[in-house]
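Enquirer: Structure provided below as structure tokens; questions to follow.
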Amino acid sequence: MNCLSATFKYLLYFLNLIFVVGGILLIVVGSIMLSTMGNFAAFEGAVNTQTIPIIIITIGCVTFLVAFFGCCGTIRENACCTTIYAICMLILFALQLALSIWIFAANDKFLDKMSTVVNTAWNENNAAQGYPMDALQLAFKCCGNTGYEQYGNAVPASCCGYKDRNQVCEAAIYTQRVGCNSEFVDFWASNTDLIRWSSLIIALFELGIFIVSCCLASAMRKR
């Protein structure tokens with residue numbers, strides 16, 4: 001192997017290791033987002049809230065697998081495998097870029113939808129629907145749609161973090177909690193900011209790996 005091929009090989013191997021870690025981080029971030037929402041994700045009106053975390057977990061799994069096998073393929077020094085890997089990385093780049101652009105373009109509309117989800121939960125907060133506000137209030141440590149005042153003198157136990165609805169919620173606790181609408185929207189605003197910028201950075205790395213992979217495959221064929 002000449003000096004140029006060796007350089008491309010170890011550069012690609014190093015970048016793949018970074019992407020293995022990146023894939024794991026995406027899986028962790030998506031899982032934390034789903035976990036944070038708790039039982040509220042099961043509410044029929046909140047079905048759209050699971051879309052982005054599931055997409056992130058899926059991309060993380062695919063990134064991890066492609067990068068892992070890319071590490072193995074690089075060590076084997078097979079031009080055909082390296083070319084296939086480069087194509088997979090190009091597809092990943094396109095998907096990651098599309099996700100980033102979509103989040104940039106639709107962020108405001110998405111946040112409005114998240115606000116609507118909380119409004120729906122508030123309007124359907126009854127026994128027949130399983131009291132969806134309880135799940136939201138427990139998960140985000142908030143109270144009411146816009147504030148605890150909406151409950152009047154019947155503040156539910158979940159506003160104090162109690163799962164048992166028969167427990168009495170103390171004013172010292174629920175008066176310190178903000179409305180769930182703003183808390184839920186803020187949660188998604190901070191996470192979408194993280195996702196769109198990290199997706200863009202990862203997409204640029206994937207483009208770099210695609211270029212390096214093509215160069216390495218070309219060098220392998222010339223040997």
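Cβ coordinates are placed from backbone N, Cα and C, and glycine is handled just like the others.
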Enquirer: Please name the cysteine among Cys142, Cys143 that TrEMBL pairs with Cys159 through a disulfide bond.
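Expert: Between Cys159 and the options Cys142, Cys143, TrEMBL records the bond with Cys143.
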Enquirer: Fewest other C-beta atoms within 10 angstroms of its own C-beta: which of the disulfide-bonded residues Cys143, Cys159 fits that?
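Expert: Checked Cys143, Cys159; of these disulfide-bonded residues, fewest Cβ neighbours within 10 Å: Cys159.
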Enquirer: Could you tell me what the rest of the chain brings near the transmembrane segment (194-219), counting residues at least six beyond its ends with Cβ under 8 Å?
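Expert: Tertiary neighbours of the transmembrane segment (194-219) are 2, 4-5, 8-9, 11-12, 15-16, 18-19, 22, 29, 52, 56, 63, 70, 74, 79, 82-83, 85-86, 89-90, 92-93, 96-97, 99-100, 103-104, 107.
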Enquirer: In the same chain, which residue numbers or ranges, 6 or more beyond the ends of the transmembrane segment (84-105), come under 8 angstroms Cβ to Cβ?
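Expert: Same-chain residues near the transmembrane segment (84-105) but 6 or more away: 55, 59, 62-63, 66, 69-70, 73-74, 192, 195-196, 199-200, 202-203, 206-207, 209-210, 213-214, 217.
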